[in-house]
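Single-structure report; data block below.
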Amino acid sequence: MLDTLLINIGQLLTMDQEDGLLRREAMNTLPVIENGVVGIENGVITFVGTAEEAKGLQAKEVIDSGGKMVSPGLVDPHTHLVFGGSRENEIALKLQGVPYLEILEQGGGILSTVNATKQASKEELVQKAKFHLDRMLSFGVTTVEAKSGYGLDDETEWKQLEATAQLQKEHPIDLVSTFLGAHAVPKEYKGRSKEFLQWMLDLLPEMKEKQLVEFVDIFCETGVFSVEESKEFLLKAKELGFDVKIHADEIDPLGGAEAAAEIGAASADHLVGASDKGIEMLANSNTVATLLPGTTFYLNKESFARGRKMIDEGVAVALATDFNPGSCPTENIQLIMSIAMLKLKMTPEEVWNAVTVNSSYAINRGDVAGKIRVGRKADLVLWDAYNYAYVPYHYGVSHVNTVWKNGNIAYTRGEQSWSTATI
């Protein structure tokens with residue numbers, strides 16, 4: 001007898017097509033089972049199919065989905081989860097047209113977050129991040145990448161990473177830890193960025209030993225770290241056994257996309273200014289293009305990443321919130337799906353694949369997350385929607401009814417029909 005059966009699923013989005021990254025037409029394809037059923041035992045999916053195929057199955061608990069939709073848990077592959085403070089006091093300055101550098105000189109911008117993060121205790125950071133994770137869970141997210149990067153010194157970076165490790169133990173959401181010590185150049189290292197990067201590299205062996213970090217990231221941008229500095233830094237991180245990511249071409253077409261493809265990065269993120277050559281190189285690589293349209297939207301910029309061109313040319317595209325206190329303070333990945341549909345010209349099918357299958361590969365979770373398949377852990381979302389297009393169409397709210405993590409209900413806001421019936 002199974003532990004749980006979800007029955008009467010109007011649309012069961014398994015996302016289970018070909019293994020590996022989805023590109024071109026595969027991104028525009030959604031495997032859907034009408035009148036579907038999912039069986040769960042010991043936190044693992046043991047049955048996926050139609051009601052007809054499920055006849056005779058029994059479970060301790062049978063949940064009637066009411067004809068609504070069920071999908072895999074969503075994957076958010078780019079967040080800056082652990083930080084202190086907030087920056088709502090900067091909104092008025094931005095609206096007045098005060099340049100970011102001037103805000104920075106006043107102690108605002110990233111410096112404000114760095115100072116608040118330094119002053120916060122690890123436990124304070126953990127509790128604050130739990131609040132944000134709870135919200136992510138309520139939007140249907142069950143796997144999250146979490147970056148450090150608000151320390152710019154060894155003590156605070158360690159504190160952020162240790163907070164992430166504690167959250168992994170204490171919160172239902174699966175976390176993937178990324179070291180972003182190279183997020184900016186501290187004032188004391190102005191003009192000496194290579195020395196700062198060497199300092200960050202010197203921290204990596206101990207991080208590897210303590211298994212606190214899976215990915216190493218760097219902010220490759222004008223005025224921060226050059227393409228050559230970024231490549232050298234990430235290649236050294238790879239030599240130490242880390243997988244790598246890169247904040248690439250967010251503002252200027254520096255060649256970050258090209259660098260990511262060249263060194264075999266797991267993902268290149270932002271890519272608003274990615275060149276035609278960069279897009280071509282990404283299309284011919286296994287590097288995922290993780291697009292962050294919520295950031296462009298919140299910064300009130302006109303030019304978004306060329307998501308439509310990327311998909312048409314064969315780039316594997318993922319979507320993420322880029323949740324952070326400065327440029328995208330939202331945990332709402334459903335809103336990101338809507339913005340991607342409207343501003344990146346992605347179809348609903350492409351959007352769904354970008355927050356499940358491709359986003360899981362962007363953080364090396366393609367074999368465990370992003371699909372409903374027998375043998376995988378039961379990370380599932382029941383939606384207050386009857387078809388997948390409705391979720392990005394009806395924007396600005398959460399359509400999530402219930403979230404299962406490893407077969408257990410981790411979040412619910414609706415009423416289900418609970419019984420011990422046999423189909």
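Quick reminder: no glycine exception, Cβ is built from N, Cα and C everywhere.
Taken residue by residue with DSSP, His78 (Zn(2+) binding site) is part of neither helix nor strand, so it is coil. Residues annotated as Zn(2+) binding site in Swiss-Prot, with sequence analysis given as evidence: His78, His80, His247, Asp322.
Summarising the environment of His80 (Zn(2+) binding site), the number of other Cβ atoms within 10 Å of its Cβ, over all protein chains shown, is 24. Annotation comment: Swiss-Prot describes His78, His80, His247, Asp322 as Fe(3+) binding site, evidence class sequence analysis.
DSSP assigns Ser327 (4-imidazolone-5-propanoate binding site) to coil, not to a helix or a strand. Residues annotated as 4-imidazolone-5-propanoate binding site in Swiss-Prot: Arg87, Tyr150, His183, Glu250, Ser327.
With a cut-off of 8 Å between CB atoms and residues at least 6 apart in sequence, the same chain places Arg87, Glu90, Gly109, Ile110, Thr113 near Gly326 (N-formimidoyl-L-glutamate binding site), listed in sequence order. According to Swiss-Prot, the feature N-formimidoyl-L-glutamate binding site maps to Tyr150, Asn324, Gly326, an assignment based on sequence analysis.
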Using Cα positions only, nearest of the binding-site residues to His78 (Zn(2+) binding site) (Tyr150, His183, Glu250, Asn324, Ser327): Asn324
Diameter of the N-formimidoyl-L-glutamate binding set by C-alpha atoms, the set being Tyr150, Asn324, Gly326, in angstrom: 11
Winner by Cβ contact number (other Cβ atoms within 10 Å) across the binding-site residues Arg87, His247: His247
Pairwise Cα distance for Asn324 (N-formimidoyl-L-glutamate binding site)/His247 (Zn(2+) binding site) [Å, integer]: 14
Nearest of the binding-site residues (His80, His247, Asp322) to Tyr150 (4-imidazolone-5-propanoate binding site), judged by Cα-Cα distance: His80
